Amino acid sequence: MSADSAGRRRLFVAVLVDTVGAGAFFPLTFLYLSETTDIPLGQLGLTITVASLVGLPVTPLIGQLVDRVGAQRVLVAQTVVAAIGYSFYFTVTGPAMLVCGVALVTLADRMYWATWPVFVGEHVGDEGLDRWYSMVNVAKSASLAAGGALGAAALAFGGTGGLRVMLALNVASSLIAGALFLSVRGGRTTRAAVPKGGWPALLRDGRYLSLTLANTLLTFAWLIPSLILPLYVAKYTVLAVWVAASALTMKMVLAALLQTLVTARLGTLRRTTTVMAGAGFFLVAIVLLACASAVDSTAPAVALVFAGVVFLALGETAAGPAATSLAVAAAPPVWRGRFVSVFQLSWSIPNITGPAIVGVLLATSATAVWQVFAAFAAGATLVFFLLRQRLPAEIDDKIPRRDTNAKQPVHA
């Protein structure tokens, strides 16, 4: 086995280990803190939200750090920060310690998402980006599902003690993943001096900023299964809430099962075209889910919800890896950390603003949320279509041309 192959294998295993721990505890975080502290629920939720905002402004600084010291070091540091942050949860007695723990966990999360695309890119090269991001998505989906099953079992059989076991598992998995990430070889081991001008180059790069805007609009679709569907089903359809929970589980399973197939079937398309196909799947899902509130019979409503979830899974598996690959390929290698960190804000912003937007829209009517989210997906499709006309083939093609020159910053 070559050094590169062994390094990639360790990278893959590290992702599996890290994600199993997160999947086991993260969905139970709020429940754990409500059961193990005397902080009122309203104050608990507000404290978590405020502490979570701390990590948002530092994301670009993390990108600059990646450019300076390398993705591997930042990724390893991220696992240590996550372990320390989660360790605070064992001894939370009041808001101050809770803020420290949540802020560190949020910082680690921002470090991870700003770093891992660069880390993978350094190890697999531009030709392997789409396949590897697809493989990582499969690993994450499977690990989250496995972790969720572990968490559910621990809660069912162990109560609060079981939650503490899952918290300990999460801390341990973070540290083990850090050791595995540290052992990976075959990427960039030496770093030349980073040239000045990275941030001005990014601000002048109209195409990259447009890519970030388009992905921000598209990322709202990822909120549909977990954020919109439970409330929508309970409030506006004839179905029981458990249908939404079952649909969410099915979506996670489908995302893991379909990822490789979707990537292979769309393998000849350009990256922007693949993302547009994903946006099209999201639009079909939105139409199907919107129709579920218009029927009075259980069977048709169930069929519409589950059909919508199938198209949500197709949208995620098509658009997710292609958009990430596009963001990495379009970033100048010397400033890739900066560029990718800004692109990752396209995931953070919807996650932060989504609950407020969804709450207002669902309180308005059964169709308002679907109209707005359809507009988001359609707007993303339009921007990606315009980008397709402007991006060179060596960035947009999944298999770069062999005779192209080294990429330079792409300016509007």
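Start at 1 and count along the chain as shown; that gives each residue its number.
A Cβ is built for glycine as well, from the same backbone N, Cα and C atoms used for every other residue.
Keep in mind the model is a prediction, meaning the values are calculated, not measured.
Here is what TrEMBL says about this protein:
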type	residues	note
DOMAIN	166-412	domain 'Major facilitator superfamily (MFS) profile'
TRANSMEM	12-33	transmembrane segment
TRANSMEM	39-62	transmembrane segment
TRANSMEM	96-120	transmembrane segment
TRANSMEM	141-159	transmembrane segment
TRANSMEM	165-187	transmembrane segment
TRANSMEM	208-233	transmembrane segment
TRANSMEM	239-262	transmembrane segment
TRANSMEM	274-295	transmembrane segment
TRANSMEM	301-330	transmembrane segment
TRANSMEM	342-362	transmembrane segment
TRANSMEM	368-387	transmembrane segment
The transmembrane segment (239-262) in contact with the transmembrane segment (368-387), cutoff 8 A, at least 3 CB pairs, sep 6+: no
Stretch with greatest number of CB pairs under 8 Å, the transmembrane segment (39-62) reference, 12-33, 141-159, 165-187, 208-233, 368-387 candidates: 12-33
PLDDT averaged over the residues of the domain 'Major facilitator superfamily (MFS) profile' (166-412): 87
Dominant neighbour of the transmembrane segment (368-387) in 12-33, 96-120, 165-187, 208-233, 342-362, by Cβ pairs under 8 Å: 208-233
